[in-house]
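The block underneath contains the structure these notes are about, expressed in C-alpha cells.
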Amino acid sequence: MVLVESHGEKDDSNEGTVVDFRGNPVDKSKTGGWLAAGLILGSELSERICVMGISMNLVTYLVGDLHISAAKSATIVTNFMGALNLLGLLGGFLADAKLGRYLTVALSASITALGVILLTLATTTPSMRPPYCDDYRRKHHECIEANGRQLALLYAALYTTALGGGGIKSNVSGFGSDQFDVGDPKEEKAMIFFFNRFYFGISLGSLFAVIVLVYIQDNVGRGWGYGISAVTMVIAVAVLICGTPWYRFKKPQGSPLTIVWRVLLLALKKKKQPYPSHPSLLNDYDNRKVPYTPRFKFLDKAAILDDNCAANAEKNNPWLVSTVTHVEEVKMVIKLLPIWSTCILFWTIYSQMTTFTVEQATIMHRKIGSFVIPAGSFSAFLIISILLFTSLNEKFFVPLARKITHNPQGITSLQRIGIGLVFSVAAMVGAAIIEKERREIAVEKEVKISAFWLLVQFFLVGAGEAFAYVGQLEFFIREAPDRMKSMSTGLFLSTISMGFFVSSLLVSIVDHVTNRNWLRNNLNKGKLNNFYWLLAVLGFLNFLVFLIFASRHQYKMQLPVEPESGEKELKGLNGETIQDMEKKASLQAVGEVEP
C-alpha cells in the first residue's frame, strides 16, 4: 500500500513527489489518466446522490412529518449543508497533513455510508416521529412538533453524513487532478477539461437523486430512498479501493496550517527588523520554488536572516526563519481571501432552491394528467440547467473564447465566477416577480398557478452554478500552493458552507425584524417575494465588490516549461516570464527601502 503517513515536517525536496501504490516512481503508461480519475470520481458521484437526495426533499419531511415550521425547517437544511461544506476544511487539513487524499476519501466515503444508514433508521422508526396530523388539525396549527429525543437520531445521521461528505468533497477533485501531469502537454490538455467533466458527471448523480430518489421517498417510502443512497456509497467505496493499482499518489507534505501561522508569527516577531536592500538577501531566495512578489511585503520579514541566525547557521530552522518559498505560499493563500468573501452570497442564493423554492412548489399546481410531480423533483430542472450550460461551456463558450483571446483556458476562472454571480442576481429578480404574481392569484382568485413557473429561478441559478462552481473550484485549486491543494479545495467548500449559514442568519434576522410577516408557514399570507428582492439587492452589491477584487487579482505563475533553448522558463497568464516579473518586483522592493 502507498505511504500515506507524514512523520513531522516534510522536507521541500519531497514536494510534488508522485508515486504508485507501492511507493515507487509512477509508470505513466499504467497509472493515472481518465481511467483512474473516473474511478475516483465515483465517490463524489455517490456523495452527490446521497446529499442531494437528502437536501432537496428534507424540508418536506420536516414540515409534513415532523410538523416543524417552514423557517425552522429551512434553517435545519441550510445548517446541515453548511456543516457539510465547512467540514471540507477538516478533510483537506487531514489529507495534506497526515493521511493523504486516497485514505481520506476512502474513510470519508465509509463515514458517509454510515450516516445515510442512520438516516434510514431515523425516518423509518415510528417512535422517531410525532403523532400523525390530519388536515383539520394542521389548518388550525394543532399539530404536535417532534421533540428533542425524536430529533436526536435525525441530527446524528445528518451530521455524520456531513462529516463524511466534507472529507470527500475537499479531496476527490484534488486526487482526481493528481492523475494528470501538467508538465506533459497531452495530459495538460486533458486537465483543462477535467473540472468541467468532473462537474458534469456529478451533476448526473444529482439529477438521479432529485428525479428518482425523491419520487421513491414520496411515493414508496423514505427508507427505500435513503437505503438506495447508502448502497451506492458502499459500492463507490469498493470501486475506489479496487482501482488502487491505477492511481498516482502525492505524498502529504505535513500540516499546511503550520506553515501559515509560523510565517505570520515570525513576521510579527521581526516587525522591527529593517527590510534587506534587495529581496535576494532573504533566506533561501536562490532555491525558491515560486517567484518572489512584492505584495504583502510585511510577510517578507519572516524570511529575514538576522545576525544570530546567520552566525549560528540556523537558516534551516523553520521556527527561527522562514524561506522565501514558504512566505510566497502564505501570500498566495491571503490573495485568495478577497475572492473567497465575494463567492459566499452566490451560495446563499443557491440555498433558496433547496428550501423556500421547494415550499413554493408544494402549494402550486404540480399535476401532469393524473400524475403529481413531487415538489422536491422540480430541482431536476436546476440540474438539467447545470448540465446544459456545462456542456455549452466545453463545446461552445470555451472554444469560442480561445479563438478570441488566444488563451488556452478560454474563459478565466474569475470570469466564470463573475458570470455566475450575474445569473444568481437575475434569478432572484425573476423569483421575486413570480412569487408576487403567484400569491396575488392564489389569494384573489383562489387559483394555483403551475409550478413550472419556478423553472425561471431554477434555470437561472443552474446556469449560474455551471459557471460559478467550476470557476471557483478551478480558481482555488490553481491559485493555491501545490502543497495545500486539499486545503484550498476545503477553502472553496467553505464559501458554500458560509453561504448556507448566511442564509440561516438572514432568515432569522428577517423573521425577527418583520415579526414573521415575510416568511410564514402559509406562504399565501407571507411576503416571500420581499425576501427574494433583498437577496437580489445584496447580490448586486456583492457583484460590484467582486469586480473590484477581481480587477486587482494577480494570477499565480504557471508551472515551468522547457523552451527550445533548454533553459527553464516560467510564464504567467499575461505571457511575461518569471524573470521579467521578478525583475519588476525586485525593483519595486528596492525602491520601497530606499530613503
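Cβ atoms are placed via backbone N, Cα and C, with glycine included.
The compositional bias 'Basic and acidic residues' annotation in TrEMBL covers 1-13. Under the heading region 'Disordered', TrEMBL lists 1-22. Residues or ranges marked as transmembrane segment in TrEMBL: 76-95, 101-122, 198-217, 223-247, 332-350, 370-392, 413-434, 449-470, 491-510, 530-550.
With a cut-off of 8 Å on Cβ pairs spaced 6 or more residues apart, the transmembrane segment (76-95) and the transmembrane segment (449-470) reach fewer than 3 such pairs and are scored as not touching.
For the transmembrane segment (491-510), the neighbouring stretch richest in Cβ pairs under 8 Å, chosen from 198-217, 370-392, 413-434, 530-550, is 530-550. Proximity of the transmembrane segment (223-247) to the transmembrane segment (449-470) is not established, fewer than 3 Cβ-Cβ distances being under 8 Å for residue pairs spaced 6 or more apart. Here the transmembrane segment (198-217) has long-range neighbours at 37, 41, 44-46, 48-50, 52-53, 56-57, 61, 173, 176, 224-226, 228-229, 374, 376-377, 379-380, 382-384, 386-387, 390-391, 394, 466, 469-470, 473, meaning same-chain residues at least 6 beyond its ends whose C-beta is under 8 angstroms from one of its own. Highest Cβ contact count with the transmembrane segment (370-392) among the listed stretches 101-122, 413-434, 449-470, 530-550 falls to 449-470 (criterion: pairs under 8 Å).
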